[in-house]
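> I have a structure I would like to understand better, so I am pasting it below and will then ask my questions one at a time.
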């Protein structure tokens, strides 16, 4: 099929006016031998999109098309493609579009930790091109970072899995989440909601840990076994002493999380893993020697192997994540940003209606 030489997206024009993006045409990256072009039909709205758009993580080159939970169909394969994907196949792209694929990290399914990592938008490739994301009609990426979407997962539900879902699945699977384990999910936002559903599907006894009881009913509907409202339970670490094998911190900010209370609730050898990337000014404060055989670490995204595992799990277990859809476009992106900033979403947004917004 034919498609335009320039791509078109809903682009952030400045950090100061980040909630009011404009439809913008731009040059795609050069097409290399192992690249794939994808015509986009849905894209999730991730908290990272807001952090980048608003400048929370520093100044970005503008204009910038964000969005890294992309679902669409293959329209072009590079001449040396060996991915097994076909033109017309429905596929997904998450928050990473390049790594060296040659270092020990890449060869051991740790692509997100490669020193040549390129994120789906806002980061320059080695040739200087700054990556552009999925609030657009097309995206061009290396084939390694393109995955097939199982037929029984609708596009609007598949999209949030590609970053948010993977980001919480990776620390769960790497740290033994499963039958006989007690797992805590801190923060019932978009990622925490998926973490709750995924942890239960993996067979763990699952606790949702939040500041108040406001989301208790939703947590129970998602299958949580227990709910802890930390501001209402005092020293909850003492109350739940020696309970958790694993806690995954999904909260967008670390400011209100007391890492000196949480270790009390951990079993010996327990692990606390944060997937949050807070604003630049935030710092983690710990009392010396307070961990007592408990480890605290950070997890970034997840591997392509893990993404395929996650999609298989969601397909086989028929997991239905909680998603609202909005039409892609200047107004739709504005609404998504406004509502996400206010916390007015249950629990992820997916942009749809790409065929109506973009015409080749």
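Numbers here mean position along the shown chain, with the first residue as 1.
Placed from the backbone N, Cα and C atoms, the Cβ positions cover glycine too.
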> Report which of 131, 155, 274, 285 appears in Swiss-Prot with the annotation phosphoserine.
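That would be 131, per the phosphoserine annotation in Swiss-Prot.
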> Determine which of 15, 68, 226, 334 appears in Swiss-Prot for the same Zn(2+) 1 site as 46, 163.
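So the Zn(2+) 1 site in Swiss-Prot includes 46, 163 plus, from the candidates 15, 68, 226, 334, 68.
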> Listed recorded positions are 68, 100, 103, 131, 163, 359; which of them have CA atoms within 10 A of the CA of residue 190 (NADP(+) binding site)?
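So the list reads none.
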> I want to check the contact list for residue 47 (NADP(+) binding site): same chain, sequence separation of six or more, C-beta distance under 8 angstroms. What comes out?
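Listed in sequence order, they are 189, 190, 191, 252, 340.
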> How many Å lie between the Cα of residue 103 (Zn(2+) 2 binding site) and the Cα of residue 211 (NADP(+) binding site)?
41
> Cα-Cα, whole number of Å: residue 163 (Zn(2+) 1 binding site) versus residue 275 (NADP(+) binding site)?
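With the alpha carbons as reference points, the distance is 11 Å.
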> Other residues near the Zn(2+) 1 site, CB within 8 A of the CB centroid of 46, 68, 163?
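These residues sit around the Zn(2+) 1 site: 44, 48, 49, 67, 69, 94, 95, 120, 162, 164.
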> Between residue 68 (Zn(2+) 1 binding site) and residue 131 (phosphoserine), find the distance joining the two CA atoms and give it rounded to the nearest Å.
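Computed Cα spacing between residue 68 (Zn(2+) 1 binding site) and residue 131 (phosphoserine) is 11 Å.
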> Taking each of the binding-site residues 46, 106, 114, 163, 275 in turn and counting other Cβ atoms within 10 Å of its Cβ, which one has the fewest?
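Relative to the other binding-site residues in 46, 106, 114, 163, 275, 114 has the fewest Cβ atoms within 10 Å.
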